[in-house]
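> Got a structure for you, written out below as structure tokens; questions coming shortly.
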């Protein structure tokens, strides 16, 4: 039977291959439109009768990436489960997309394979993106209390609360919820670990290639928001934004995003803000003080994170990462307390030709903040560090190697669609084996808080990391030379 009886009402889903119940497009909060635009999410009210959850809900308005149906009415979640009976571990996934793109309904994140193979309940969500979710108009004096901060982050907390209160109706265990996410989703995971209102809503965490340091201080958020309002939206009255056309808002957001990424490599301008409310302090500071004490964590990155962005070329000359000399210069202008010559000399000695630029880009955006977060968390809870190294034949030919997001098919067991071509020339046994090991580690961790006996805990003494490849290995002090370089600078503080 596919009818789940929640505390709010009954929800009808679909049953399909490979033997999984699916509920798509479940509304977890009221539509954030009209008077609720730029406001904290409002819980849905109970209903009579049965709601059909047969198709995905709209995704947040966006102008780049695989755009499906978009609408500001976007606060939906999706659930996959073998049965509505029993208590299964819950895998709550937060999608990536630099906080400006993506949705929980993309083919990458279909939960059927994971739910069926591992007998868990999989949840994916949509949340507000770009200016609608991550620009902080509340900071401006003329806002007059009309705006709430961190709307996208608040959406994630609201979805978690809905799952905590209702997932037992879908065969899930509300006392065993693991949050996991990739890229901006991985950054969301690390941020949620520092959000007081999210405490107790999840029990374990997995951050994949998270943009950990993309959290704005309040004064910086205020100045960038004013820049956006005056120079991109071309208005001096922030109240105009309440009723502004969605397309105008989204188009201006994309222009602003790429301009700011180019000026300040390694920073995303649409991201959570330390607002003193939902996020009282920077996540790394909160983690160091023990805000996530007792929450086991898997955290890691891919060996060649920046290769994808270097080849992407969304806008000529304006990639999101510091992959060109002018962007490197811009990074050191923003961080003028760092010794540019010492740092770049080290990269040039470690890597040949232009490879050092990609490694530098990956380090300032992903790798170094991730290592910093792992160290901080290891003082208060079980921490497991990984690096993903597997490269298919096609990925090697294309120059992608083990780049950003390449681990996702192995976590979700999704090798169809655009990902299929990447593995056509690979040994099927290698692909299948890595899928079993990586997904198996994630689910073993979700069940027990430990990914397996072969994967040691990370600490600042041994600094051991698990490396996923054709043959998995354990490595001591991964990227040690460059880690030590950054650790000795104020950037690591």
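From the backbone N, Cα and C atoms, a Cβ is placed for every residue, glycine too.
Feature list, courtesy of TrEMBL:
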- 3-473: domain 'Carboxylesterase type B' (DOMAIN)
- 183: active site, acyl-ester intermediate (ACT_SITE)
- 305: active site, charge relay system (ACT_SITE)
- 404: active site, charge relay system (ACT_SITE)
> If you average pLDDT over the domain 'Carboxylesterase type B' (3-473), what do you get?
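Across the domain 'Carboxylesterase type B' (3-473), the average pLDDT comes out at 93.
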> Taking the Cβ of residue 183 (active site, acyl-ester intermediate) as the reference point, list residues of the same chain whose Cβ is under 8 angstroms away and which are at least six residues distant in sequence.
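In sequence order, the residues whose Cβ lies under 8 Å from that of residue 183 (active site, acyl-ester intermediate) (at least 6 apart) are 96, 97, 98, 208, 209, 210, 211, 404, 405.
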> Taking the Cβ of residue 305 (active site, charge relay system) as the centre, count every other Cβ atom within 10 Å, in any protein chain shown.
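Total other Cβ atoms inside 10 Å, all chains included: 27.
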> Validating a neighbour-count step here. Other CB atoms within 10 A of the CB of residue 404 (active site, charge relay system): how many?
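Residue 404 (active site, charge relay system): 25 neighbouring Cβ atoms within 10 Å.
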